[in-house]
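Below is one structure, written out as structure tokens, with a few remarks after it.
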Amino acid sequence: MERTFSIIKPDAVARNLQGEIMAMIQSAGLRVVGMKMIQLTKSQAEGFYAVHSERPFFGSLVEYMCSGPCVVMCLEGDNAVQKYRDLMGATNKDNAAEGTIRKKYALDIEKNSCHGSDGQDTAAVEIAYFFNALELVG
Ligand code: IDP
């Protein structure tokens, strides 16, 4: 069993798509073992995306991530990191495969509806950034 970290981003929550996206996640065989709704502060968003701090889109990305509530989740399942990356689809919706969350719901390359960890080490760091042990089950 592996764990990954997921965010249903503000553009999707604003359109009330949490339920649809969670249904896709659960249909893919991933189990939700932690979940909460939060609105990120600027410093929380900057810290979460620190790896992108030198990129030209960083300021806009931080502003968007703070623009409304998100749903943060810890997901568990076989091969959870890759399974969820596959389910999300490419960063840019124009390159995302049919049937993926981003193909279905993303608005553009920035407002792309979901985040998923890109590796097991990143997943561990990201899960710990948002959840303490008491907030995770199983
Ligand atoms: P990922 O979310 O598919 O792993 P990353 O390259 O880690 O993609 O980028 C993090 C987030 O930054 C993306 O999900 C998207 O919201 C935003 N982003 C990435 N590239 C661009 C861009 O070229 N313009 C605007 N926003 C971008």
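The backbone N, Cα and C atoms fix where each Cβ goes, and this holds for glycine too.
The following features are taken from TrEMBL:
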ACT_SITE  HIS115  active site, pros-phosphohistidine intermediate
BINDING   LYS9, PHE57, ARG85, THR91, ARG102, ASN112  ATP binding site
DOMAIN    1-138  domain 'Nucleoside diphosphate kinase-like'
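A Cβ distance below 6 Å to any atom of ligand 1 is met, among the binding-site residues LYS9, PHE57, ARG85, THR91, ARG102, ASN112, by PHE57, THR91, ASN112.
Of all the binding-site residues listed here (THR91, ASN112), it is THR91 whose C-beta has the fewest other C-beta atoms within 10 angstroms. Around PHE57 (ATP binding site), the same-chain residues six or more apart in sequence whose CB sits under 8 Å from its CB are GLU110, listed in sequence order. Taking the C-alpha positions, the distance from HIS115 (active site, pros-phosphohistidine intermediate) to ARG85 (ATP binding site) comes to 9 Å. In this structure, LYS9 (ATP binding site) belongs to neither helix nor strand by DSSP; it is coil. With DSSP states grouped into helix (H, G, I), strand (E, B) and coil, the domain 'Nucleoside diphosphate kinase-like' (1-138) comes out at 64 helix, 26 strand, 48 coil. The Cβ of LYS9 (ATP binding site) has TYR64, MET65, CYS70, LYS111, ASN112, SER113, CYS114, HIS115 as same-chain neighbours under 8 Å, each 6 or more residues away in sequence. Counting other CB atoms no more than 10 Å from each candidate's CB, the recorded positions ARG102, HIS115 peak at ARG102. ARG85 (ATP binding site) has a Cβ environment of 17 other Cβ atoms inside 10 Å. If you compare every pair of Cα atoms in LYS9, PHE57, ARG85, THR91, ARG102, ASN112, the residues listed for ATP, the longest distance is 21 angstrom.
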